[in-house]
Every structure is written in structure tokens, then in C-alpha cells.
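Please read the structure below before turning to the comments.
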């Protein structure tokens, strides 16, 4: 559609403006020697160069005798060139570029290749659409050469100040591109070309300190003009001689009377560009009281008795129109001059009438860069979220804010559902991860934990992950002497550190970048901070991905575990806790096998010394990174389908806070060498969970949102277990924590595990999965 309009309008423009083209061409040719048109290589759509045409406005060899940008009154610009640039007639030949498809009427201005390459990443996105003759930046920087003339280094200013701002505006245009927006920009361009804002500004500046006298004189002339027009209107343009003599005798007195009242109401000192209701009230009071004064004089002074009363009424109307109109024109000038085509969208939050002055100031262009898109006022009883068609992460932010406020909220289904004929349910209720447990959440008393971890140094590896970050939050709430956040990924570490500092735990937090496979780094950190508790949550956990990256899985999950555990023993940590998984039970995947080797390695290191090493094993946690719930959410928010591996596939589920509460309790129970298993309730069919989540969104499974079965992925099992068949299950003092024992593995098996760990580090032996036969429970 846009291309069709570009073609039609550019063709029409070339035909209708042909006389202007001819006059401009003759003027350019007569003014200076050289070609009529200037052709320059610019970067177009998809970063393809094209020749852009303009009327030549500079001397013929301008590119050879000066810089690539034009500054102020550049001596290379010809006399005709100044006029063509000022009126933008020099850009008209680009209609040919539009006709040929190189450009569009509206779009980001095409730049020289050297500038585009400086910001190539941005321009790859911007130039997915055709560049244009006009855009927001063309209007905002219509005086670009004068602006650059004020800089000591115009080239530097353009590259590092002006061009990035143009790119920002171009990105805004690309994001909000529409036919209506294009028409708005074309209209704005024409207004700015025609409207003499600079001449008006020069006139206002020239008034200077004489402003009050000049405005008084101007208003006196308006009073006189209104009186003349009133007589003309009253007598249909032909004023009788007697009435004309009456006008000549009284016009001066009428103007004086109105000027006296105008002075009384401050009309000479008011600032016209901020004209508001109060100014209009003053005008109305001035004209009304002065008209009543004139009417009183006519009624009481015999010489004025023939004065037409209709003239007084018409004079009153005209005075109001002229005095109000000239002020509105002044304000219109300010509005046009300061028009911000790209305004920041703001949400105004306030109570009662406190927001009214702010809204008025924004409306009066006092804050011209802002556009109010909403007003939050009062204390709502309930929040209705009506952005179901927006990005999922944006809605999650809103939902999180509603939860923190404690206000109930509901989500409106997408309008898209109406358009495609779906039955729209009632407003969907808000939900938490607990809603998908199919059981009552586990509530643990954390008061006894606070005494266990208070004033003690605690180290968490993988502190930026789903489990690791929750461990840090719950540990920080126990007020340890220090929390060492050991994490490989800097962004994850930054986010959890920032969250903890915002929560008020800044003084106890120690973020550390490091890899658990780097023995020297781990040892150095342990030596420095001497942690009393070490929670080892760092691991690779994505089952299908680890099938394709077996060596890295072994290196991190096995070698990393052993490295951290040995360092904890060497530096006298009181407790070491390995976070394991139900995938380690009778494993068939690389990830499960490596976690089982890690469990055996930790048991093998328990030698009765001062460090108590234990393992905590549990199943899936809801809403952890890479888990099924975030995937289902994303699929539902896209409109489906939801993918399930197998209709009978089951998993054991816990929420992240539940799992971490029990991990911390298990850490305090360990005496050394145990494998603690969390009681996760009954297995849940993944299909049932998909149905439940779809319903929580307000849709009907299978009808509104389709479900597709994809088959088990590499390394996946139909169901998971928390215990091996040869493990014995024991109760502990905590009702939701069990203990699994098999008897210590044979020393030979432990030696083989140690050999395998060394082999992983050397990356020499793990070339196939046959090596994992060293793990006793792997089915043969």
C-alpha cells in the first residue's frame, strides 16, 4: 500500500511541479557553471547504495574543496543555492528516486556510506524500509547547518551527537510506522516549510524591552479596527454621513475607554504565549465593562445620543474575537515552533487534584517533550489487565507489580480471539505457580533456619540460576555474616546482586565471577572467605542439550562438583550440599549420568573429617529457567499450539521456594555422606499441567489452544523416580525430607569415578557414552 501511494504521489508531484523544476534548473544554470543536478551515493534499503538526486546548490567542485557536511553560511553555497536550501526545493528531484523505488516519501533520511558504517547495526534495522525524503529528524534538524556552525568541530558533533539522535528518531519511526503517521509527517513538513517561524521569532526578539508599549499600541489599533468594522457591519458597508461623523468624533474616546479597562485588567503585561482561561476572562471583563461604560455615556450625554446601540454590541463581539485571536495566534506560533514530533510517553501518578497543574503545564507545551498516555489516581480495589496481546514479559512486569501491591487483578483475553471467532471466557483470574501443583504447597517454619545461618559465611555456586538465586534470597534473610555469590555468567550475577541490594542486604553480599571447573579460582575464593556452608547449585541441567554436549556436561557436573567439594574440605567448611536431580536415578541421559557420578563422588569424599558432605535430590521445579511452565506460557501467549512430549509423560513438581526451603533444612540435618530426597507428592501428568495452565489463561484446551504431541526427546524418560530400586528409604526429623541409602559403593568403583573425572578434565577419554558404564546404576 505504501509503495503504491509513493508511486502515485511522486508521479503526480513530478508532473504538477514541472514548472518549478524548470525555473529552478534555469536559475541554477545561470547562477554558476556546472550541472543542474547533484548526484551523490547514499545508502538505501538493506544497505544497498543508490544515486540520490538534488538540485545543485553549491559550486561545481564543492566536494573537493570542503568537508562532507555543510555548516552555516558555507561559502561553497551559491546565491540560488541558499534559496533552494531554505525552501527545500533542492530536495524535489528526489521524487524521481521515489518513483524508481530507491526512496519513499516518508522514511529515515539516507546517509553517506561512511556514516552508515559507523552505526551499521542500527542501520541494518532501520533500513529494512526504504529511506525517505522527509522524516521526524528532517523536521527537528531543519536548521542543522546553523546548529553545526556553533560547534568547534562540526564533523565530531554530527557523528557523535546529531547522528545518534537521528538514529533514535528513525528507530521510533520504524517502530510506529503507519500510513496515518506518514500523512502526519508530510503535513508537518509542509507546515514547517510554509510557516515563517524564524521571521516571527526575529520580530519578537526585536521588541525586546519595549514589549509592553508595543503590545499596548497593537491592542489600541485592534480596538480602533473593531470599531471601524462594527460601523461597517451595522450599515452593510455604507455608513451614512451623520453616522460617519459620529464615528470620527467618538472613535478616539472609545479606544481610550477600552484601553483604561485593559490596563486595569493587566492585558498589557500578560504573557501571550501562555494564554489560558484566566486571560480570556480578563479580555471578557475588559470588553464588557468598557462597552457598558460607552453605553452609559451614550445614555447620559446628549451629544452621543444618536450613537447606534447595535454598533456597541458588534464592537464588543469584534473586540473579544480580535484580542483573543491574536493571543491564540501567538500561542499557536509557540506550539508550532516547539512541536515535539517524538514525545516521551508518560504516566502521571497522583492523588486528588494534585495532577491537574502538571497536566495543564504539559498541555501548554511547558514540557513539550512529554505526551500523557495515562493518569493513575486514587486507590483501586481491583486491577484489570487489558494488554493480553502485548509482549509476555511486559505483562509479567504488570502482574508482578499487582502482586506486590496486594491488589486482586484479572487478565482480559485478547481481542484477537473475538476477531477469529473464539468464545471469550470471563476475565481470567490471576495465578501463581502454586496453582499448578495439584496439591497444597509445603509451608516450612523458617525460624529455626535463621539461627543456623545467622552470622556465618555462606557460599552458593550457580548463584544466578533458578535454584541458586532463591537459595541466596532465603539465606540472606537469615542474616549471615557474608553471602558469597559464585557465578559464571556476569548478567545473572548482576541481576541477583542487584535484587539483593534493593532488598536491603547490600552489606553482606560478595559477588564473585568464576567457573567451578577452575580449581585455582575456587580455591582462592574459599581461602579468602572461609565459608561455613557451601551450596553447590552450579550445573548443566538441560537434558537434550547435554546429549549433544556430553564432554561439557561431564566437565561441569562431575569435575566442577569434585573441585568445589575438595576445596570446601581443604578450607574447613562445616557443610557442603550438592543439589542433585531425579534424573540421577537410574539415569539414561548424559545429564542424569553426570549428576549420579557427582553424587557418588561426594559420598566418596566423606572421610569422617570436619566437613559434612551431603546431597539433596529432587524433581522438577516450576518456572525455573528451561522448564516446561515458561515454555507453555510463551506458547499460550502466542495463541498455541502447546507442545507436550507424550500424553502419559509424568513428572514430580515443586515450586522453587518450596525446594529451597527443604534444601536449607536438609543442610542442617546432614551428618556426612547422606543423600536426602525431598517428598514431592504424587507425579503429575504434563498434559494435565498444560490443560490447567491453558484454563488459568481463560482458554479451553484443545479448542481455543491446540495441544500437539511431539514425542520424547533424546535422553528423556516417560516418568521419573526419586529412588533407585536398591536404595533404602528412611524418615528424618523433617516430615518432607527422606534419606536414601545403598551402603557405600566399593572402593574400586570410587577409584573409577575419580579416574573418569580426571579424564573429563583432560578431555581425552569421554568420546562416547559407553564410558558412563562406570556408574553402578546405569541400566545395561
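Even glycines carry a Cβ here, placed using N, Cα and C.
According to TrEMBL, the domain 'Bacterial sugar transferase' annotation covers 2-192.
Among residues of the same chain six or more beyond the transmembrane segment (212-235), those with a C-beta under 8 A of the stretch's C-beta atoms are 243-244, 247, 251, 254-255, 258-259, 262, 267-269, 272, 308, 310-312, 314-315, 318-319, 322-323, 326. Annotated transmembrane segment per TrEMBL: 212-235 (among others), in sequence order.
Sequence annotations record features per position, and here TrEMBL assigns transmembrane segment to 247-268 (among others). Beyond the transmembrane segment (247-268), the same-chain residues lying 6 or more positions past its ends with a Cβ under 8 Å from any Cβ of the stretch are 212, 215-216, 219-220, 223-224, 227-228, 231, 239, 282-283, 285-287, 289-290, 293-294, 297, 304, 307, 315, 319, 323.
Remote same-chain residues near the transmembrane segment (280-304) are listed as 246, 250, 254, 257-258, 260-262, 264-267, 270, 312-313, 315-316, 319-320, 323-324, 327 (criterion: CB distance under 8 Å, separation of at least six residues from the stretch ends). Taken from TrEMBL, the feature transmembrane segment applies to 280-304 (among others).
Taking Cβ pairs closer than 8 Å, the transmembrane segment (310-329) reaches residues 218-219, 222-223, 225-227, 229-231, 233-234, 254, 258, 267, 272, 275, 279-280, 283-284, 286-288, 291, 294-295, 298 in its own chain, all 6 or more past its ends. Taken from TrEMBL, the feature transmembrane segment covers 310-329 (among others).
Residues annotated as domain 'Polysaccharide biosynthesis protein CapD-like' in TrEMBL: 458-740.
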Legend entry - Confidence summary for the domain 'Polysaccharide biosynthesis protein CapD-like' (458-740), mean pLDDT rounded: 86
